[in-house]
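Q: Sharing a structure with you now.
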Amino acid sequence: MVRLTVLAGFLLTSAACSACVIGERQAASSINNAFKAKGKKYFGTCGDQGTLSDSTNSAIVKADFGQLTPENSMKWDATEPNRGQFSFGGADYLVNYAASNGKMIRGHTLVWHSQLPGWVQGITDKNTLTSVLKNHITTVMQRYKGKVYAWDVVNEIFNEDGSLRKSVFYNVLGEDFVRIAFETARSVDPQAKLYINDYNLDNANYAKTKGMADHVRKWISQGIPIDGIGSQTHLGSGGSWTVKDALNTLASSGVSEVAITELDIAGASSTDYVNVVNACLSVSKCVGITVWGVSDKYSWRSNDKPLLFDSNFQPKAAYNAIISAL
């Protein structure tokens, strides 16, 4: 009877501690610690209340990653669904979680054509949109002033040919919306790094990559306070991209830093992941990497199995390969 009681107690303790075992295992080989030892600022991931309140997912975040990006909770539809009526429950959760666990924060995102409430999309008056844009940026950034390392001020504003996307912001304000957004952001939090962020910036000779670099170079020459370019780096398998060369092209625009901001790779091969990590290590202005999620279970590309942990939160070969490479 005593032996059965002891066994039952052991099983109960083991079950209750499953998350902490994961945490202890990963803490011994933290990607963030290894990456920072190479001179970089962070190796991070994204999350929000749903994933961060999953104890197994959270244990890995706490042990392995040094930075957090809100996946959805800071986007316009979440923070200002109706004009002048702000909602910060989800964003507050992430910021408080990050502060409690010593994680840097990348704010994402202030100006984006997608996940944009209809009331914003319907604005046609230049003065009205300017006022709305300034108020939104000011209100969101002011709430988290001093707590956010970097902000994606504008997101996905380029077409694949390197021209500017025809969003409500461009249609009403023209290219000037970029200046308005960055100048407002700088005035609210002068210490935060201000980024422009986009996808398909993975080949140096691609029109979108060159268009981004050329526009940013011009905007900086005009005094627009752009500190960094974020390359989302959502990749297919097989390495038909030149991330290192692309990062160098982006860095040549005159920004003080670049970052890989939303990394995931279809199939999550060890070779592909190590190549991307080495690309950032090889570019002096590349300050960090953010993978777009912890586990395939919660990935927006779950069918592609693109992350470093499988659906059961077990580290993949790519995880171990990165640790070995670092």
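Using the three backbone atoms N, Cα and C, a Cβ is placed for every residue, glycine included.
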Q: Among Cys46, Cys280, which cysteine does Swiss-Prot link to Cys286 through a disulfide?
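A: Of the listed candidates, Swiss-Prot names Cys280 as the partner.
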Q: Pop the Cα-Cα gap between Glu156 (active site, proton donor) and Glu262 (active site, nucleophile) into the table, whole Å please.
A: 13
Q: What does DSSP say about Glu156 (active site, proton donor): helix, strand or coil?
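A: In three-state terms, Glu156 (active site, proton donor) counts as coil.
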